[in-house]
Amino acid sequence: AINPWDVMLCVSGTAIACENAIVVAIICYSPSLRTPMFVLIGSLATADLLAGLGLILNFVFQYVIHSETVSLITVGFLVASFTASVSSLLAITVDRYLSLYNALTYYSERTVLCIHTMLVGTWGVSLCLGLLPVLGWNCLHDYAACSIVRPLTKSNVTLLSASFFLIFIIMLHLYIEICKIVCRHAHQIALQQHFLTASHYVATKKGVSTLAIILGTFGASWLPFAIYCVVGDPDYPSVYTYATLLPATYNSMINPIIYAYRNQEIQRSMWVLFCGCFQSKVSLRSRSPSDV
């Protein structure tokens, strides 16, 4: 019998793949979207697209092809994709911080080199973590070593969870620093104009609220699964694993809404891509990540 949880994961993967495929197509189609910010958004969309395809393939292979080798490859593919997604979120956070902290030198070759270095590191580490189960770090022949996500071992998921907690702490610290910079800028503007206008207050409050929503969504999606990976036991009912894993996949569904579809330049490129005749008043000026 088909597990309803597997069906929900497959449906989630389909939605994730469709949403992020549009983002990848828009960024590849539009020459104006070649700035470091959009390159990182493209990396995030690519990782989420692969994660969605991995969920679909996992469902197909689980009920059509019963093979330990295929199972290992599929699980490794999912680990690499979701790791790349989380790491890309960290890279976007670092980029936003740099755009505010080093605003005068942000548009320089040094920034481009930094972005490329982060991309290489993101995908290199993700690929290595995804290959670990395939290369032998699995529990196919030792059930006692299995984690809540078979065939990953307990030590493997502990490593992945520890990596997530580290990334989450770094993102939390950077977003706090970003909030401090935003509030400091608003205060400096107020001193120059001798008062804090309502528009400055609203803009500052909106910026801080947006950062809180971004970090809150990320934490609410992944923290339950990361914590359960550490404290859970493979003998526990599988419903606990599914109940924490499914919300984690929703993060890849929400990412394109937060980081792509809210962006005016991507909205314009989307109309151009699908309509071909839309004339927009949106400027083609490449904005910095702090504007998003």
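Using N, Cα and C of the backbone, Cβ positions are placed for all residues, glycine too.
Taken from TrEMBL, the feature domain 'G-protein coupled receptors family 1 profile' applies to 19-259.
Taken from TrEMBL, the feature transmembrane segment covers 6-30 (among others).
For the transmembrane segment (37-65), the list of distant contacts is 2, 6-7, 9-10, 12-21, 23-24, 27-28, 71, 74-75, 77-78, 80-82, 84-85, 87-89, 91-92, 95, 99, 115, 118-119, 122-123, 126, 249, 252, 255-256, 259-260, 263, 265-266, 286-289, 292: same-chain residues at least six beyond its ends, Cβ to Cβ under 8 Å. Among the features that TrEMBL reports, transmembrane segment is placed at 37-65 (among others).
Per TrEMBL, the feature transmembrane segment maps to 71-92 (among others). Counting same-chain residues at least six beyond the ends of the transmembrane segment (71-92), those with a Cβ under 8 angstroms from any Cβ of the stretch are 37, 40-41, 43-44, 46-48, 50-51, 54-55, 57-58, 61-62, 115, 118-119, 121-123, 125-127, 129-134, 138, 140, 149, 151-152, 160, 163-164, 167, 170-171, 218, 222, 248, 251-252, 255, 259, 289.
According to TrEMBL, the feature transmembrane segment maps to 113-137 (among others). Residues 36, 39-40, 43, 47, 72-73, 75-81, 83-84, 87-88, 90-91, 94-95, 98, 151-153, 155-156, 159-160, 163 of the same chain, all 6+ positions outside the transmembrane segment (113-137), place their C-beta atoms under 8 angstroms from a C-beta of that stretch.
Within the same chain, residues 79, 83, 86-87, 89-90, 93-94, 96-97, 129, 147-149, 211, 214-215, 218-219, 222-223, 226-227, 229-230 sit at least 6 positions outside the transmembrane segment (157-176) and bring their C-beta atoms closer than 8 Å to a C-beta of that stretch. The annotation transmembrane segment is assigned in TrEMBL to 157-176 (among others).
The transmembrane segment feature in TrEMBL is assigned to 208-227 (among others).
TrEMBL lists 239-261 (among others) with the feature transmembrane segment.
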Tertiary contacts of the transmembrane segment (239-261) (same chain, 6+ residues out, Cβ under 8 Å): 5, 8-9, 12-13, 15-16, 19-20, 22-23, 26, 41, 44-45, 47-48, 51-52, 55, 82, 85, 89, 92, 148-149, 213-214, 217-218, 220-222, 224-225, 228, 232, 267, 270, 292
